[in-house]
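**Q** For reference, TrEMBL lists these features for the protein:
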{"type": "COMPBIAS", "residues": "8-17", "note": "compositional bias 'Gly residues'"}
{"type": "COMPBIAS", "residues": "94-103", "note": "compositional bias 'Basic and acidic residues'"}
{"type": "COMPBIAS", "residues": "109-125", "note": "compositional bias 'Basic residues'"}
{"type": "DOMAIN", "residues": "27-98", "note": "domain 'Chromo'"}
{"type": "REGION", "residues": "1-32", "note": "region 'Disordered'"}
{"type": "REGION", "residues": "94-126", "note": "region 'Disordered'"}
């Protein structure tokens, strides 16, 4: 990639620079390896293009090891220099969230330190752990999320973490309503599948109710959860499609912990993909187009925690 030509085009987009102000200093360069925030996690990425928009630098990044569908323009606030200090920050964040590997590739995402004489004795043990991780990765159910739903996930993250907005609760339709609607949809096509599909939906509901408070909420949503969900109430009767979709990002990691035969796993994968297509088909009905503003009571005392 020719940096000089791209630099010129970046600075040349100063048509947005009508205010007469000089564009800010560019922080990252084309071809530079960086660390990028996407949702609550930090990923390795590469800057592919740079340009000035509305008097600020924007960077087009590719997340290493991920499909090009995830490539996007981001601001400097989403990027970190690829330094030892920031790699440690990435590792600490993943450890805090209980994430040991990239769920797509199965590879460890943590930075590998240089092997010193003191650590050589542990190499064999570490190799065994890596081998175990690779075996586990092979068993991961691959769930292809349609591109329009991927965008929904990104918009969902942005509404909550960047714009201080929340999904208004209780939702309508709820997760229970959506699962019931899908079962009715399938039984109309083929009444004989009702039992098998019903079992899968029952499992999804159970996973959702348990996973929501543990791994499907952003920090800014926790207070809302405490206020909206009583001890005797199932989250699936309060929350809707926005949070249900998040479950499908975590499902491969959850299902790998269950001892399921390969043939059964393949059939399950097909059913889950079919359910996602149903969500996609009804996207405008099931998902909110806008979230409500952050309530003051939920915001107080939380902002520092969100920045930590």
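Placed from the backbone N, Cα and C atoms, the Cβ positions cover glycine too.
Caution: TrEMBL annotation is automatic and unverified by curators.
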**Q** Counting each residue once, how many in the domain 'Chromo' (27-98) are helix, strand and coil under DSSP?
**A** 20 helix, 34 strand, 18 coil
**Q** Between 0 and 100, where does the mean pLDDT of the domain 'Chromo' (27-98) sit?
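**A** So the average pLDDT across the domain 'Chromo' (27-98) works out to 89.
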